[in-house]
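First the structure, in the form of structure tokens, and then the observations on it.
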Amino acid sequence: MADTNPNAPPRSDSLLNPADALKYLEEYPRGDGLSLQELMDSRKNGGLTYNDFLVLPGHISFPASDVSLQSRATKNIVLNTPFLSSPMDTVTEDRMAIALALHGGLGIIHHNCSAEEQAAMVRRVKKYENGFITDPLCLGPDATVGDVLEIKAKFGFCGVPITETGAPNSKLLGIVTGRDVQFQDAETPIKSVMTTEVVTGSSPITLEKANSLLRETKKGKLPIVDSNGHLVSLVARSDLLKNQNYPYASKVPESKQLYCGAAIGTRPGDKDRLKLLAEAGLDVVVLDSSQGDSVYQIEFIKWIKQTYPKIEIIAGNVVTREQAAQLIAAGADGLRIGMGSGSICITQEVMAVGRPQGTAVYAVAEFASRFGIPCIADGGIGNIGHIAKALALGASAVMMGGLLAGTTESPGEYFYHEGKRVKVYRGMGSIEAMEHTQRGSASGKRSILNLDNAATARYFSEADAVKVAQGVSGDVADKGSINKFVPYLFTGLQHSFQDAGVKSVSELHSCARSGSLRFELRTASAQLEGGVHGLNSYTKRLFA
């Protein structure tokens with residue numbers, strides 16, 4: 001009589017040998033899930049966003065700490081962390097740019113301010129950390145304590161070399177420090193309080209040797225002089241501490257200064273703006289437009305390449321291969337992808353133009369990769385999972401606005417709304433941003449019409465009598481400091497890569513292209529299942 005017990009174990013003669021499981025796996029014609037190409041077939045699946053799919057897990061054979069997140073923001077700029085901050089006036093000024101660069105990313109300073117203000121912010125970023133400071137701020141012997149205090153108020157330090165002419169490349173007479181000017185009257189001459197017995201390094205000298213000498217002498221600053229006693233450069237102890245505390249900091253290899261980016265428009269006046277930014281030491285310029293495929297941007301790229309060949313150009317925004325091709329052909333060093341996907345953006349709703357971000361990132365990044373052009377996924381990044389998915393789709397880095405808004409380093413003051421500590425966060429297409437009239441020195445009718453406003457320039461609406469909003473203004477909760485938030489993103493992304501079975505961004509891209517990295521579409525109920533559910537109440541702590 002046949003065994004009808006449903007709980008009985010299967011007969012051993014019907015089972016395969018467990019030791020051969022991997023061999024039998026090869027008999028399946030295809031792996032679980034979908035390849036990237038199958039997933040992103042928009043003719044079959046439509047336009048997809050980050051929440052519409054998942055990356056399937058891979059094989060783990062390494063600790064998460066072994067994962068490298070090094071990637072390119074442009075053809076020639078390598079970041080240790082694939083994070084950029086958005087050039088929005090409630091997200092990125094010099095504090096954000098410094099903090100993000102120290103953690104391996106890149107801050108893009110907004111341009112909804114005067115050119116002089118923007119250049120000053122770039123200069124503060126570039127002066128924050130150095131290897132050899134080849135153009136140190138100097139004072140002459142006739143300067144006063146008040147001059148030193150002014151430097152401290154403006155740049156945050158007061159260790160200043162004193163030279164015969166008050167400039168580098170002249171004879172070093174001494175150095176003045178914070179202790180020298182304490183309790184001194186502002187009118188006191190520097191020559192009466194400066195230290196004249198100065199420990200120096202002799203040029204030529206390696207940075208390693210200079211840093212070693214700085215540690216041995218326990219001084220705050222080490223002037224480097226030539227055989228004639230002329231000041232050649234300066235090395236600072238504060239930079240040694242920054243190197244120790246921020247090992248992933250993104251720096252220019254030659255100067256050891258932090259990388260800094262800034263946004264500009266594509267109007268004639270922006271040529272003068274870029275001149276000031278270049279003089280301040282700008283590394284990369286972002287051409288800021290909601291729709292980058294314009295004759296204005298194409299001509300501007302060509303002009304920048306001729307005038308400032310050492311400045312990298314991130315062009316955009318684009319969401320199609322056709323748009324990307326125009327900017328790549330013009331000479332762009334990187335592309336910014338996204339149109340209407342940001343949390344404060346309503347372009348798709350109002351203009352009926354744009355593209356779901358997942359599909360846009362895949363289409364543009366796949367095309368641009370053939371030319372070696374890195375792509376930045378801009379918009380729709382709400383959590384670590386979105387970052388991982390954007391990179392899996394082919395992006396080399398992500399640009400974040402709302403995710404970084406509300407941090408200590410973002411512009412603006414905290415206030416309380418309905419009992420929560422918040423900061424203002426607004427889209428550059430919002431009416432509030434378009435009505436901001438402090439970008440340039442414009443006044444009168446020009447200021448009233450917002451003819452020199454970054455937000456209106458971004459959306460090609462400077463001369464419009466009626467402003468049509470493509471963004472909103474609101475507030476976001478206090479997220480604390482970048483110094484805790486970015487390490488949380490970094491570590492979480494390392495664990496995401498570990499779960500996928502890849503050890504680097506380049507390996508992630510390679511596996512996605514080859515089909516070994518697999519994906520799965522998510523239904524609405526699958527998305528619901530993947531979030532917190534079934535609880536009466538809960539507390540969502542992101543990191544500790």
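Start at 1 and count along the chain as shown; that gives each residue its number.
Cβ from N, Cα, C; glycine included.
Features reported for this protein in Swiss-Prot:
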DOMAIN    132-192  domain 'CBS 1'
DOMAIN    194-250  domain 'CBS 2'
BINDING   Asp288, Ser289, Ser290, Gly338, Met339, Gly340  NAD(+) binding site
ACT_SITE  Cys345  active site, thioimidate intermediate
ACT_SITE  Arg458  active site, proton acceptor
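The secondary structure of Cys345 (active site, thioimidate intermediate), as reduced to three states from DSSP, is extended strand. Looking at Asp288 (NAD(+) binding site) and the residue listed as 'active site, thioimidate intermediate', their Cα atoms lie 15 Å from each other. Cys345 (active site, thioimidate intermediate) and Met339 (NAD(+) binding site) are 8 Å apart (CA-CA, integer value). Mapped onto three states, the DSSP output places Ser290 (NAD(+) binding site) in coil. Residues in the domain 'CBS 1' (132-192) partition by DSSP class (helix H, G, I; strand E, B; coil) as 18 helix, 14 strand, 29 coil. Across the residues annotated as binding NAD(+) (Asp288, Ser289, Ser290, Gly338, Met339, Gly340), the widest Cα-Cα separation comes to 14 Å. A gap of 11 Å separates the Cα atoms of Gly338 (NAD(+) binding site) and the residue listed as 'active site, thioimidate intermediate'. All protein chains included, Gly338 (NAD(+) binding site) registers 29 other Cβ atoms within 10 Å of its own Cβ. Recorded residues Cys345 (active site, thioimidate intermediate) and Ser289 (NAD(+) binding site) have their alpha carbons 13 Å apart, per Cα-Cα distance. A 10 Å cutoff on Cβ-Cβ distances gives Gly340 (NAD(+) binding site) a total of 26 other Cβ atoms nearby, all chains included.
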